[in-house]
Amino acid sequence: MRTPMWHRLGGAIGLRGRLTIAFLATALVMGIPAAGGVYLLMKAGERVSFLTGSVTPMRAESGTLVDNLHALRDALQVGLSGSRTRGGGTAGSVAAPDVVEARMEGIDRDWSAAISRLRTLAGLTGANLPIDQAERVHAEAMRLASALIAADRAEVAAMDAREDRIAAFRAARQRMNEILRDITSAADAQMTLTEERAKTTEQAKTATPESMAALLSEVLTGIYPRLVGADKLLQGLDRLDELAAIHAAQHDAAPLGAIETGASTILRNSAVYLRRLAGRLEEAGQGKNARDAGKALDDIRTALLGPDGAFAKQREALASAAAVEQCRLALIGVEADLRSLLFAVTRLTRALEESVTAEARRWSRDALAGLLAAGLGATSLALCLGLVSARRLTAPLQRLNEAVAAMAEGRPFTNITGLIGGGDIGSVAVSVLERTAHLATHDTLTGLPNRALFRDRLTQCLAECHRDGGAVAVLYLDLDRFKEVNDSLGHAAGDRLLVQVAARIKATLRESDTLARLGGDEFAIVQRGASQPSDAEALCLRIIATVKDPFDLGGHQASIGVSIGVAIRAAEAAAVDSGILIQEADVALYRSKEEGRGTFRFFQEEMNRRLQERKALEADLRRALSEGELRLYYQPQVSTNGERLVGAEALIRWQHPERGNVRPDQFIPLAEETGLIVPIGDWVLRTACRQVAEWPALGRVAVNVSPVQFRQAGFADKVRDALVSSGLEASRLELEITESILLNDTEEMLAILAELRELGVSIAMDDFGTGYSSLGYLRKFRFDKIKIDRSFVRNLGESPDSTAIIRAVLGMSRALGIRSNAEGVEDMGQMALLSQEGCEEAQGFLFGHPMPADEFSGFMAIREVRGTAADPQTVNAT
Ligand SMILES: Nc1nc2c(ncn2[C@@H]2O[C@H](COP(=O)(O)O[C@H]3[C@@H](O)[C@H](n4cnc5c(=O)[nH]c(N)nc54)O[C@@H]3COP(=O)(O)O)[C@@H](O)[C@H]2O)c(=O)[nH]1
């Protein structure tokens, strides 16, 4: 098939190159309109800042003009006296002239500054603001304000001067009154004397017509004219008082003239009266009064009339008040001008604002359109690229998914590349699939086929045998002692061992055979063409021999073995499921392990029967627990110095209704495999505590704890519960654990041991010496007791090795301050040697077999009586 041009080109550029081109194209499609949009947005932003930076301040400045006018009005308010002529009193406090002037100057300055700023803003914006008009209005307002202040001052001065004149008038008027009173009093006194003289003359009858006429003439020409003259003057002055009062209340200039004329007439007449009176007074010897009265009348005239008189000052005040009013009115006009000016500015700024806003909006709209175009362009491009990529990506992935599903179902497939397709993604998918397929079918550590591939190969092989004849053998392998190496040297060493084992076994096989790792230390082989059992046997022997040789694990030598189970099928019989053949090989392996390890066994039908039996035993064990078929026996533990009974070990027994007594080593491993050991172990713990609580004479009871049971969450809580519910003191309970408990998760297990120790129970290490790590664990946890395994005691005295080992162990336990107990003591010789070597406690048939609780009660009673070792013959065997 011809590859399209673009495909070939794409292949040359590569996936990264194409992605880069796609990215650049997207950036270009999006970048141009986006850049345009950003440019327009910036322009719109400029207009907005133009608005905020120019138009808005312009409006604010025009408002400042009006504010200035208001300030001016306020300043005038404070500065004006509030004319007495206008208001008839003062309007609040009047500021000192210099204060008012200072305020006026300030306002003038502010006003000029506002106009100057307006002029700048108008220049910036290009707006045709009426700046000249604003300046004219400003000048006019200031001029009027000054005129108003001046007129007000003049009015006040005139008013003050008038007050002075009125005061002078009143003073002269007062003097005149006194003079006239003097004149009148003198005339009255003279009149009284004259009347007295006339009366005396009349009474003396000396009166003559001449004397009487002389007296009358004296009264009429000398006294009376003086009284009349004085009275006329008084009347004139009273009238003047009235006119002065009228004129003070007068706010109109016209009637003021008439009043002044009236006053002038009165004064002229008074002067005439006074001239006449003056002659009479001279005659009467009162010339001084006449002169004083003349002087007073002159003062009155001066005070009221003339350019400096009260009337003239009143007129002046009225004229100034009129000027003030005029200025006020003019200022109102200025304010109106200013307002119309402000309206003009407002109109202008609004128009400017609207045009700028419209411009900014237009640019924003265009920018949005640009950005939208960028977004749409990018989205469309991304969609197109996405669709193309998705097609190119999902198709191989879809096929990859189908292939993985086929793999998961165990369907074999070939030609992965053909299945998935080509292209970048295709090759990635093929690579992923190949890796996945390899991972799904191979063991990652050894690279060998795993159980799934093994079954697949076996199935193929069985089908070929059935079709073409021939035979196939399945070898099921399990390494012996692998766990010990793993636990003692670590998992890394274990892994290295497995790899080496796999290589060695592989070297023993033919090309056509398949070696697989089924998990852990289990391997399996499909041996093709094993026509005779001897072929398989030969292979087993080769494998056993090669695995037997020590392995070098980076400085450590490890010796292990291998147990093998074999199952063979040929021709017709090969029509069997691969799983059955594997199971048969597994059963054969089980038998091989049972019968001593390091060997091989062929599957036989009888083995299946054994397997069935095992399953039946498991079912029985489940029932045994619920039906109370389990019993606890107690085996005595004694001190070696005097063989005092120091305690007992609780050992489980199963009274099967049909099988009879089932030994613990027959069912405990099964219980451990199935997990049944947990409820069984709980039962043992509770029963032993309850029983021993009833034997206060017995020191302590030792209870075996399986690793599976120990690892169960909350084990320490179960121990606490057993103690609490039975009432047994914690110090009387001893838990026997084997070192295998500490092989894995050591820190966690040590924490549980510490928790148990906290409870007050003692911990014994059982079967000491049988494992690799016993000594190491003694350093990690301070055990209360070690129990030397009976395999060492058995050969004591016969094998120098056993004696040496026991001596060493006892020496070490003494050094560490740990009690020692020797298990399996069966004769006095062993006992004597143990005692000699310093072992503190012993346990074995020599002192008593494990026995039921009631028998152990009797045993204790006898021990109390006899105080010696029990006769083995006197107690029942287990
Ligand atoms: N987890 C639990 N394990 C238990 C429990 N009860 C027993 N066991 C373990 O089963 C194994 C076999 O026990 P058993 O058949 O009871 O054998 C014990 C003794 O009968 C036997 N023994 C004692 N003295 C002698 C002797 O002089 N000679 C001789 N040949 N055998 C003797 O030894 C076994 C006690 O061993 P140990 O526990 O190591 O002290 C055994 O491993 C038991 O631990 C249980 O309740 N839970």
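Keep in mind that glycine also has a Cβ here, set from the backbone N, Cα and C atoms.
Heads up, TrEMBL stuff is auto-annotated, nobody curated it.
These figures come from a predicted structure and were not determined experimentally.
Here TrEMBL flags 470-605 as domain 'GGDEF'.
According to TrEMBL, the domain 'EAL' annotation covers 614-864.
Annotation comment: TrEMBL describes 20-42 (among others) as transmembrane segment.
For 367-388 (among others), the entry in TrEMBL reads transmembrane segment. A Cβ distance under 8 Å defines the sequence-distant neighbours of the transmembrane segment (367-388), meaning residues of its chain 6+ beyond its ends; these are 22, 25-26, 29-34, 36-41, 44.
Within the chain carrying the transmembrane segment (20-42), a Cβ under 8 angstroms from the stretch's Cβ atoms is held by residues 13, 363-364, 366-371, 373-375, 377-378, 381-382, 385, all 6 or more beyond its ends. The average pLDDT for the domain 'EAL' (614-864) in the predicted structure is 92. DSSP assignment over the domain 'GGDEF' (470-605) gives 63 helix, 40 strand, 33 coil.
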